[in-house]
Structures are given as C-alpha cells and as structure tokens.
Amino acid sequence: MESNNGIILRVAEANSTDPGMSRVRLDESSRRLLDAEIGDVVEIEKVRKTVGRVYRARPEDENKGIVRIDSVMRNNCGASIGDKVKVRKVRTEIAKKVTLAPIIRKDQRLKFGEGIEEYVQRALIRRPMLEQDNISVPGLTLAGQTGLLFKVVKTLPSKVPVEIGEETKIEIREEPASEVLEEVSRISYEDIGGLSEQLGKIREMIELPLKHPELFERLGITPPKGVILYGPPGTGKTLIARAVANESGANFLSINGPEIMSKYYGQSEQKLREIFSKAEETAPSIIFIDEIDSIAPKREEVQGEVERRVVAQLLTLMDGMKERGHVIVIGATNRIDAIDPALRRPGRFDREIEIGVPDRNGRKEILMIHTRNMPLGMSEEEKNKFLEEMADYTYGFVGADLAALVRESAMNALRRYLPEIDLDKPIPTEILEKMVVTEDDFKNALKSIEPSSLREVMVEVPNVHWDDIGGLEDVKREIKETVELPLLKPDVFKRLGIRPSKGFLLYGPPGVGKTLLAKAVATESNANFISIKGPEVLSKWVGESEKAIREIFKKAKQVAPAIVFLDEIDSIAPRRGTTSDSGVTERIVNQLLTSLDGIEVMNGVVVIGATNRPDIMDPALLRAGRFDKLIYIPPPDKEARLSILKVHTKNMPLAPDVDLNDIAQRTEGYVGADLENLCREAGMNAYRENPDATSVSQKNFLDALKTIRPSVDEEVIKFYRTLSETMSKSVSERRKQLQDQGLYL
C-alpha cells in the first residue's frame, strides 16, 4: 500500500543469515514502488525511525506486502512482527565521526583491546545508521548473548542517515549506554531454529490474544489461557517462551517449579498467588512455569500434602484469571504424562505442543544461528556446505547440544591461539582478527559432545548407500517403494490416499545382507537408525524388558524420521506358548504388538525386522498392519556375486590377471558376508606372500577360496525357497504346509 512519500508494509521475521547486519528484505514490487535498487538505503518508521540496506527478498515473499527485518531493527523502530511500518527510500551521508557505547548492565565495564576502533570501523564499513540506533558488530560477543550491541550515541553529521566510510572516525566509550540488559539481549524469533511449525502454532495461540484481543471478542470466543510445551530437555521450550514474551511486548514472569515449593504451610500457594496477581497488574503478561511436572504432578501418585495443595491452587488460579487473553500461562516439561490430568483440559492448558528433536534442516538452522557471529574463515557458500555436513553428523542433537558443540569448537580454536596471547595485557587487534574456527575444531568437538536426548538409546549414524550393496536389485526396489518413498515423499501418499507401510520383515539365510539393507534405507532416507538387539532388551526383572521396548519406540517418535531395526527378531518374539522363560518373551511379544499398533500416531517411524527363521515367529506379528511386507532375501546368483565382489574390491589394488567374473562363477553358495571375507582373505594372502605387495592377484583369490567355505548349501537354499513359497500364502495354508513339513506356526 502506498502512502505519501513511502509505502506501508507488514513486518516479518528476518532470514537466518541476516540478524545484526541491518538488512532490509524487499520484494521486486515494493522496490519498484520505492524506486529502490538492491544496495540502496531505506528508512523504516513505526514509533521511531531506523535505516537499513535493501536486499533481495525470497521468491515466496513476492507480492505479499512484507518487509523482513531483524529484532535489532524492529527494536530500533518500535515495531513487532505483524505490525505495519512506513518504508521510504533515503539518501545517506558518509559520517565524519560516530560515537558508540556498549549496551551492558550499568554495573558492568568492558575493557577493549588496542585497535578496537579500527576493527569496528572495518566491521561496520557501509553500514547505514541513525543516532540512537542499536547496532551489532560482527565478531564481538558477550557471554550469554548472541552478539554485543552498541548504542549509536552521536553521529556527525547529526540527525540524518549516515553510513560508515573509509575516513569515518570511530569513538567507543567504555561506560555503558543507558539501557537495561533485559531490553537489549532480547531473544527474538531469529534466535530460534528448526521450530518454525511449532513457533507458528504458539504465536497463533499466544501473540494474537495478547496483541489483538478484539479479534476474539468479535468472534464471540474466549482466548486460550495456557499452553504446555513438552519435549526432551534442551529442545528450546524456555527459549520459545522468552522469545514470544519479547516479540509480543508482554511482561515475562518466570516460575521455576522446584523454587516455588516451601516446607511452611501455605507458603507455596502464597507465592503462586503473588505471581498471578502481579501478572494481572502488569498485563499483558506471560507466566512461564518451567518444569511444571515438579509442582503439578498427578495428585493420586504423590505422597506429600504440599504438592496436592499446589496443584489445587494452580487450578483455582487458572480458572479465576480475570484478564483472559491479557495473561497467558506457558508450562514446560519433559514429562507430560506426569502432570495432573485436571490441568490438561481446555479452559486451563488449552493446547499441548510438542517441541521435538530437530531434523537435519532444523539442525542446520540452529547451527547457522549459533555461528552467526563466529569467524569461520570461509565464504557464505562454503559455510553453507560445511554446516550442511555438520547437520548430517549431528543426528539426535537438540538445540542445547548444538550450542555446546559450537562453544566447544570455539574453545578448541582458542586453545590453538593461547600460546600467542599474553593474558596479562590487552589482546592486540591483529591476533583477534586472525582468530578463526576451523572444520577440524568442529570435528574434534564432535568427539566430546554426546546428544543428550539419546544417551539411553544410542542412535546409529549409518553410512551405507545402495551402491555399497551388490545385487538384490528387485529387493532394493521393493524396499525403496515400501520404506524410502513414504519417508522422503509423504505428500505422494497423502495425495493418493495411501497409508504407508508400518514395517516389513527381511528373512533369508545368514550373511545375505539383511542388516546392511536396513542401514542403507536409513542412510538414503536421511532417517535416524535405532537398532534393538534381542539380548540387550531381555531382563530378569518383571516389566523391564517391555519398558525397554516402549522407551525405544518413544525415542523413535522423538527423533523421527526414524527406522527401528529389530535384528534377530525371532529371539525376542517367538511364537507364544512355546517357551519356558516365565513369560518374558510372551510379554515382549505383547508389547511389540501394541507398539506396532500404536505407530498410527508415529508419523515417520518405520520398523524393520530381520530373521533367519520367520517360521518360529509369533504369527500375530506377521499380519498386515504390523509387518505389512515379508521380503525374502535370497542367496546371490552369479550376477549378484559379481556385483558384490566389485563393491568389496573397489578400494583394493587388483593385479591385471584378476578375473572377478571367474571368481563369481566359482563361488556358488557364497553369500555377501562370505564374499567380503573372501576379499579380505585374498588381501591377507597378498601380504603373507610379500609384506611390500602393492596389488592382489588372481592366485591370492584362488588360495582364499580353499580356506573360505560357502555358508549356504543346496539343502539350505531348498529350505528357504520352500519357506518363501509358504510365507506368501494365507495363514491357514501356511500353518498346514509348515505342520506337514515338520515345522510349526
């Protein structure tokens, strides 16, 4: 919308690469209305004015009438996300002098090293600004903040838009600007990565009632009173609550669950009443209750009277909130099922939003945020590629783990530069400028940072691709359609109205590549890979084995997309009524059945079982809806054996006389594991012949054939072929045929 001498646009959050850079993202139509080119300077006005440089908007922003600016610029002009601002093109002058003051607490003092003015002048070159703006200087950070902010105290010339030039003199005052730290170290939406969907839901639930209660009045509905954020520790629940409070301009009151509890009668309830009373007096307010499960547990399960009284007090306070819409309660917990059910109903906590473990793209966004002010010594394109690689390595990491990883990487870099630094003197600017954090610093940090959400259940990061598996082309195609497609393209299934398979069973002789196939699926579909090994699950304590299965499926849901791999599933899920182990395996089978049936709500979780003996498995597991597909992995034929040999010799220096075709011909009955062993033994034969050998000859392979024998003979192949034919029949036909053959089902 055009206004005299400017246009009116709606404020949206900045791109993840923009915070602290004074960038203004405008679409082509807005630039045309302003007669502005990329690189021009525009003024943004709401309560106050600020300036920034024009950058190209995302293609999806075209004709939406929005302007993307970061939280510093929003704070400078007094606007929030969703507000309308006036944007106009302005001319800047090169500043002769700019005076800056750090924005820190009044009782703090910063001691800058020599040459700080030159460093700041170079870091801010061509940066547009106005007097009284807050600006961020790349590379300068304060502990606990994403970046150190400065107040533009004075510019010469004054009261006009200026930019820093080569000749601009920078003066930095050591005394802080007259700001409170809470106001400026504000956590904004740009500081939250990988949670855009959840953030959208929370903003709709919280920001709208706080900023525009008239919308709810017009529709004749009452705004929500509360939201519970739940998920593993470190995923960003508290961060979201603070960001929402900051961006909505609401007063933020925090209650840390355990701190509210008191041994004196009635004191815990009194503390709660005081906080709710203060929230209503200073509305609009957000009351944030961290670890809400510690003060509002299920009343029937607690021994103490205090907890029961606190829960009752919280219920009456939430029911009695007068300023509905002006006071919102946000609870955070990682134990949602431990909260009293009376709180978990509409009218109290209206919504429950899961803040889960971030996926690969989410991890990249979080890493972008935490490395925003970090000197990585690489171009934007290289940084982008590197952070994508780091996102691949960090399966199962939550936001707090990624922050710890970045911090540890910086400490690794610091340790490299410490010998050059005299800690008793100010650090010279040239040392500060040459400090960079390298890829090796990150990779070394990865060795010491363990993902917190998966410490109980280790999620493997497979690195097996389809090309690493020789042969089995039909099986690979079937698995891709069954597993990979639903994980990579869920929209196809939604469009065609198909429900993806929940799981499938791979069966065949030992060594044919069942585990390898499962790992390849996880790698190619970018899914987490959780392996359940039978003996690790079994426990002598009643209920512990079932609990282990439940926890694994719960973790799979948290780190989805995930593949749960049950290796040797026949050892933990044999046919019920055939074992004498006091019912442990029967209970495990029952738990598996209920877990598999519960996968309807587990989007992005696929279960793969592997076994050599599907005939002794419990038949209830083999029906559609649990293991939807039974896939037979046959021993490799000649073509498949050749393909497997090529895979295992691709990094092996072969002599010219090596004929893999001939070796494939000679290895009838060899499975994938045998062929891998054969190649290894051939390499060892080459070493035994000559420790300085540079290649492996045909003779080495033929000698290896004398010691490495096939795992599968004609009798085994016949057994599995019969089994494969039987497994493809109906349950009644299958049972009869297996009983006739002396097997059972």
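Heads up, the Cβ atoms here are built off N, Cα and C, so glycines get one too.
Per Swiss-Prot, these features apply:
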- 231-238, 508-515: ATP binding site (BINDING)
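Val512 (ATP binding site) counts 29 other C-beta atoms within 10 Å of its own C-beta, drawing on all protein chains shown. Sequence-distant neighbours of Lys237 (ATP binding site) (same chain, 6+ apart, CB under 8 A from its CB) are Leu229, Tyr230, Gly231, Asp290, Ala332, Ile355. Sequence-distant contacts (6 or more apart, same chain, Cβ under 8 Å) of Gly508 (ATP binding site) comprise Lys514, Asn612, Tyr632, Ile633, Pro634, Pro635, Tyr720. For the binding-site residues Gly231, Pro233, Pro510, counting C-beta atoms within 10 A of each C-beta gives the highest total at Gly231. According to its DSSP assignment, Lys237 (ATP binding site) is helical.
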